[in-house]
Amino acid sequence: MELEEKKKYGEPFKHDPSFKGPIQNRSCTDIVCCIIFIIAILGYIAVGILAWSQGDPRKAIYPTDSRGDFCGQAGTPLENKRKLFYFNIMKCASPMVLLSFQCPTTQLCVEKCPDKFMTLAKAYTNNKEFNYYKNFCKETVTSSMSLPEILRDRLCPTMLIPSKSFTRRCFPALGLKGGVVTVGNSTTFDDGEGNQRDAKDLVDGVKNATVVMEARQVVMKIFEDYTQSWYWILIGLVIAMLLSLLFVVLMRFLAGIMIWIIIIAVIAVIGYGIFHCYMEYNSLKNEPGANVTLQELGFHTDFTIYLQVRQTWLAFVIILAIVEVIIILLLIFLRKRILIAIALIKEASKAIRYMMCSMFYPLFTFLLLTIVVAYWAVTAVFLSTSNDAIYKVVSQLNCVHSGNSCDPANYSTSKMKADCPDSQCNFAYYGGETVYHKYLIALQFYNVFLFFWCANFVIALGQMSLAGAFASYYWAFSKPGDIPTFPVFSAMGRSLRYHTGSLAFGSLILSIVQIIRVLLEYLDHKLKGAENKFAKFLLCCLKCCFWCLEKFIKFMNRNAYIMVAVHGKNFCASAISALNLLARNLLRVAVVDKVTDFLLFLGKLLVVGLVGVFAFFFFSGRVKAFENTAPNLHYYWVPILTVVIGSYLIAHGFFSVYDMCVDTLFLCFLEDLERNDGSSERPYLMPDSLLKILNKKNKTKGRE
């Protein structure tokens, strides 16, 4: 009955005396997908070259005036005019400004923002004041022009308001006097159309023009914190690397002891976290204002405010306590399976001992991923800035040509100017009507899709290369004599030479699912304000389903790459073979393999916890020994969070090699159980520790 149940998931592997691990005589697999991938890469290079020839990143850096020129651009007449001045900031009060990012008012590049309040009518009567005023007028204005002529052609703003520069743009310096909004020393101003307006009316215009001001201030403070603490962050990351390397080295000799040390240490670190958070919670008991709820507190950009609230520390206590209980319960129920997991990790330690270069392979993967991310980011910037400057007719009167495209070079003599004397040809936005501009969105989508495909391909190459190396260790009859001289490089060479198509096929399937998830997230963002509950429910279900599908495909790909590395078959055949093998040993997969992943995750958690606790006490100044050494920061959580995330990535890089090694050895171990029976003709190649745990043994000692 058990044999029939197993046959439902394919035929078990049979003994083959000639099989000695990763086969050498293999052929190319998934050639069609390989060709498609090469064509896609060539197309990606072509898109990059096209974007680089058409794009202009300066559009994303410099403020742009009404003619489309860049303020502060070196080598131009505007080199010293680095700030952008709005003729009438009130025009920025329209909600459409948030969509077009352009205020429907004349914008000029100026050397400095106005620092005094004056009107054009008043300044015109005084030569000294008018000379100052002309700094904020168009270049064509002269002292010989009459005031009506200047107003008719809109060559100058009707008034100047004291302004301050922020992100190289001039925004009104609004003050508060006796609870009343003021402009300079006045609570009212002339709007340039003969009307006296309250200074509070400027707030609407400034609000849209400075919609990201507060966020940018936070970003600037974070940037300043990085400039003050970057070397300490690097030290923290180096400590994380040394800790990870130390654990890896110690696991070579003391794998079992190290695993139990990691388990106890993680429980102790989380326990200390619970104790510390409770002490902080208790110390704020009698502090004024500490008993407000997080809901009453609302959102603040200064996150240290939340640490002064008891409810924050209570939330930390609850979260850490839940994590602690989950870990302890898992350890209690899986204590027997932990022994098998430890045996696998011990064998992984031996494998890595024979091929230490595998520990540094993640650096190569990281380098390739950096190149992929950099290429995508640069191409995206050039694509988004490859539009041409579009000019539109702007008129405050009912002009028939309003909104039409125009050419600023000859607009003054054009028919549109004659029909609408008050109109202007102003820069509106960046766009275009060429074939390139029509398909710009498609090129951006292609850029994103190839980014996912290339990134997944790089990760897949790393997985298959390591799998081939570790499989050659497991199936070596005599260790280390039968292990190839350069196992990692040999496996990577086989992967690129024969299985580029299989790598591309697996990464393509994963990329398609990831793109669909990105589109679902975009739709979810668009439907946030929608009232259709069924659409929201359906979208939520789709997001959940595709999240599960992505996890399954990653699991399938990982095991398929191991089988490709060992047997040299195509992706689909390898995926089916791997899934059937795992299905025939479902209990071991569900328990042993996942317990091993859990133990390695605890190792990552311990490195992150130790480095994170050290970073917290150092940057927060809680320890007197570090008070004079720690830098003065706006937000001490910035370097702490950076160190924690960086430490996790570093630990993940080191432990991912162990993870891949364990998965490969585990799959080989399952295949070994099916191929061999422990007889002198068919001895098991698994380690003695595993044989003992499984109550199996070799009748004749067949290996070293």
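Note that Cβ sites are derived from N, Cα and C of the backbone, with glycine treated the same way.
Noted in TrEMBL for the protein shown:
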type	residues	note
TRANSMEM	31-52	transmembrane segment
TRANSMEM	230-250	transmembrane segment
TRANSMEM	257-275	transmembrane segment
TRANSMEM	313-334	transmembrane segment
TRANSMEM	354-378	transmembrane segment
TRANSMEM	450-477	transmembrane segment
TRANSMEM	498-520	transmembrane segment
TRANSMEM	561-583	transmembrane segment
TRANSMEM	598-621	transmembrane segment
TRANSMEM	633-655	transmembrane segment
Review point. Any chance the transmembrane segment (257-275) and the transmembrane segment (450-477) have 3 or more Cβ pairs under 8 A, given the pairs are 6 or more apart in sequence?
Key: no
**Study point:** Considering the transmembrane segment (450-477), which listed stretch of 31-52, 230-250, 354-378, 498-520, 598-621 counts the most C-beta pairs under 8 Å
**Key:** 354-378
Check your understanding: So which of 31-52, 498-520, 598-621 is most in touch with the transmembrane segment (561-583), counting Cβ pairs under 8 Å?
Key -> 498-520
Practice item. State the residues, same chain only, that lie 6 or more residues beyond the ends of the transmembrane segment (498-520) and have a CB under 8 A from a CB inside it; answer 'none' if no residue qualifies. Key: 26-37, 448-449, 452-453, 456-457, 459-461, 464, 539, 542-543, 546-547, 549-550, 553-554, 557, 560-561, 564-565, 568, 570-572, 574-575
